[in-house]
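The transmembrane segment annotation in TrEMBL covers A:16-34, A:41-59, A:65-91, A:103-129, A:149-170.
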Amino acid sequence: MTFEAPGFWPPSGPEVVFLLLGLVAVGSALLVVTTRQLVHAALWLVLCFGALAGGYLVLTAEFVAWVQVLIYVGAIVVLLLFGIMLTRAPIGRSADLDSGNRWAAVLVALATAGVLVSVVVAGFGTAYAPLEPGQGAAKPLGSSIFRTWVLPFEALSVLLLAALIGAIVLSRTDIRGRE
Amino acid sequence: MHVVYPVVVSALLFSIGVYGVLARRNAILVLMSVELMLNAVNLNLVAFDVWLRDRLHGGQVLTLFVIVIAAAEIGLGLAIVLAVYRNRQSIDVDRLRDLSETGASGEAGPPEEPVGVGEDADREARP
């Protein structure tokens, strides 16, 4: 699928939009891992997930984009905020959010980024995907889930039920282990 | 759309998540960084699905499955974090060293009052 790939310059309209959204996502992700306030980290996470949802929309994966907004922005961040409140985190700045191995973490992250980016640029530098609207709409995705992928779908629903029961058992205080 | 753009963005997001998991001390921030890494994987899956034009939409369906598994993981993870907080009054991952082999509380800096309370509660709960 490397047919008649247009050059990198000038970038097309969707590419410009995607690059701006990717810039927002990476910048807010950096703020998530460097901010000194717990609540702000969760709110920057909202911005990062929102920008990623926009990126999915540009990539014509509309259904995934709306699921991302519903579940990540709607449910997971709210759950994280509940966790922050229930652990009575300080609201303002807290000085000790980073542990002692911060510089080792910087080193490992830079090495990971270097390896991954150089590998993918070397591997997919010429790959070009023409975008066709409607590829990721709800109808083709739904028919493929309920035809081809129906068994993993059902297994996943059992997994969700198990996780639900596990979370209930873990968070109730009146259920004790067997003496 | 050149495939390089989404793939590079997802590589950068993944390394930011790696940094967060390694550098953060608060367990909830570690969970947030894990979510960042999962999102990087999702972006990769969607980009390659669009590039390869999978007729079965394997990439996007797997993205949906990863989102569901992330929801289950964050629910269980927060339940565990809250249980730890109930017992120890602290969710700093580098202070929870009861399972380390060499002098558990000696290395963890000055022993603080909440940690001692948590250990007592744990000792009482033990049969």
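The chain as shown is numbered from 1 upward.
Using the three backbone atoms N, Cα and C, a Cβ is placed for every residue, glycine included.
On a predicted model such as this, the values are computed, not experimentally measured, just so you know.
Put simply, of A:41-59, A:65-91, A:103-129, the stretch with the most CB pairs closer than 8 A to the transmembrane segment (A:16-34) is A:41-59. Listed as Cβ neighbours of the transmembrane segment (A:41-59) (distance under 8 Å, sequence separation of 6 or more from its ends, same chain) are residues 14, 17-18, 21-22, 24-25, 28-29, 31-33, 35, 65-66, 68-69, 72-73, 77, 80-81, 84, 131, 136.
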